[in-house]
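Taking it in order: structure first as structure tokens, then the write-up.
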């Protein structure tokens, strides 16, 4: 390859142009990268937060929890928890210029455990979330055929109980207690070859292993050059799913029965608001869909320029995320309404959530459409892209945290690429257990416990307490004003102080009280050691916060008061805005806000 650089001509003279090279610090480490432009940041965050949950979880929760009435608790959680915590994490990354662990070390060392907790959650998420991509790739490849393999009962994996419901005359009672559909048999007997329990893992499903390997290879090359590659990839992965969603929406609303499905999706049932479970579902959906408490927003925000208007970006992204969930509901329930009418069954019998929607309900609907392979390809390609950018941003979050913890080790030429490769290979091999014949039971354990709403709520409580009551809400607002040039809406500050921790704590306690052991398909009950393993996965993140605080208090020398003072003071190298003296008389509220900084004189 010719590495010579052409020159420029000025007044007849040729001047050499230096090649663009990575900047190197005095200690030999590479300078920390930044986004090339704002659009790369916006699309990266959009790709992370707009994922599978918008398509397969939010619409079902609306239907299940009172239709349009569900928007009341959802919007309350959005404005008291979703936007405030989303903004807090993004602004924290931009202000400290650090990843998900060292950002917390910078502003409050005693709560560095928040960073470890979020990275533990994201590490577990990296292992199991990508398995969904492996399933989606398998379905995508299976869709390149004239007759979809889940459309009939004539394959070797089908049983004598298989009934093609979509071709059955509804007036005839051909179903039996053991009847099943070709879609379910394709999912359970062809894709998963599912065993009878977690105690029987069986052999690896090698076709899925190859799909998982392909997913990890794609993920690796999306982020291997840091934000330089990530920022370019998201132009496609974050925008193309919208095109697919619009196509599926137009097709869905033009089908017979679509209006019935949309009515079930939106018809308000106000009485459901008296059920605490509805409020818990709204809260956990906000945390799931906004990627809160995973360290991802902090990592992405850390690559912003210091004076980027992150407040405006965050509000716009939150509204975009919720709007996408709302629109996706029309696309999904118009199809479910069509299925309900075609099969002559109530919509409750075809409505699914989670993997059941993506790999059972929607494939069943696609079979009934003209040119079904085309619509199957569109849908599963959308699923792959929705999951892909969420996946590689989560990996980026973990890698950013590790690089910022050990910059002299990893912030050198090719070291980062090697680190990403190690993370990918280790996660790939751990994830293989979920591609065995009993792997679905392991996947459900990870999904139910490892990255559950309970874990995210626990971390969110300490995030708001740390920033608002230890570091100081007013101090952080001053830092934000220094970055963006003005102070955000005051309600966000009071959410950090009061509403967010209170709402998160109440929802967390309710989730503990209402806890029910995990089951699969409402039939299979996990053995006691399965639930014990699940709780270990959940506690592996939550224990990080108190454990780190105790560890730091015990290892520091000196009187307890002095140790506490050291552990609550922010790093001296953080940008600080000069504080003008207060000339107005103190009010109870201003006195309270000054107390939030613990009078540490930091």
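Placement of Cβ uses the backbone N, Cα and C atoms for every residue, glycine included.
Small disclaimer: the values here were computed from a predicted structure and weren't measured.
Sequence annotations record features per position, and here Swiss-Prot assigns topological domain 'Cytoplasmic' to 1-40, 549-602. The feature transmembrane segment is assigned by Swiss-Prot to 41-61, 68-88, 121-141, 207-227, 233-253, 282-302, 319-339, 366-386, 418-438, 453-473, 490-510, 528-548, with sequence analysis given as support. Summarising the annotation, Swiss-Prot assigns topological domain 'Extracellular' to 142-206. What Swiss-Prot records for 169, 173, 178, 269 is N-linked glycosylation site, and it gives sequence analysis as the kind of evidence. What Swiss-Prot lists as phosphothreonine is 587, and the listing cites similarity to another entry. For 591, the entry in Swiss-Prot reads phosphoserine, with the evidence type similarity to another entry.
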What does DSSP assign residue 269 (N-linked glycosylation site), in three states?
coil
Stretch-averaged pLDDT - the topological domain 'Extracellular' (142-206):
82
Cβ under 8 Å to the transmembrane segment (418-438), counting only same-chain residues 6 or more beyond its ends: which ones?
123, 126-128, 130-131, 134, 192-195, 197-205, 208-209, 212-213, 216, 219-220, 223-224, 395, 398-399, 402-403, 410, 446
Sequence-distant residues near the transmembrane segment (207-227) by C-beta distance (under 8 Å, 6 or more away from its ends) are 33-36, 40, 44, 130-131, 133-135, 137-138, 141, 191, 233, 237, 303, 388-389, 391-392, 395-396, 399, 416-417, 420-421, 424, 427-428, 431-432, 435
The answer for the transmembrane segment (41-61), taking Cβ pairs under 8 Å and residues 6+ beyond its ends, is 35, 70, 90, 132, 227, 230-231, 234-235, 237-239, 241, 245, 265, 281-282, 285, 288-291, 296-297, 300-301, 303-304, 308, 313, 316-317, 320-321, 324-326, 328-329, 331-333, 351-355, 357-358, 382-383, 386-387, 389-390, 393-394
Who are the long-range neighbours of the transmembrane segment (366-386) in its own chain, taking Cβ under 8 Å and residues 6 or more past its ends?
50-52, 54-55, 132-133, 136-137, 139-140, 143-148, 150-151, 166, 183, 236-237, 240-241, 244-245, 247-248, 251, 255, 338-339, 342, 358
Across 68-88, 282-302, 490-510, the most C-beta pairs under 8 Å with the transmembrane segment (121-141) come from 282-302
Near the transmembrane segment (68-88) in space but 6 or more residues beyond its ends, with Cβ under 8 Å, are 61-62, 266-270, 272-273, 278-279, 281-283, 285-287, 290, 292-293, 297, 310-311, 314-315, 317-318, 322, 460, 463-464, 467, 476, 488, 491-492, 495-496, 499-500, 503-504
Near residue 269 (N-linked glycosylation site), how many other Cβ atoms are within 10 Å of its Cβ?
13
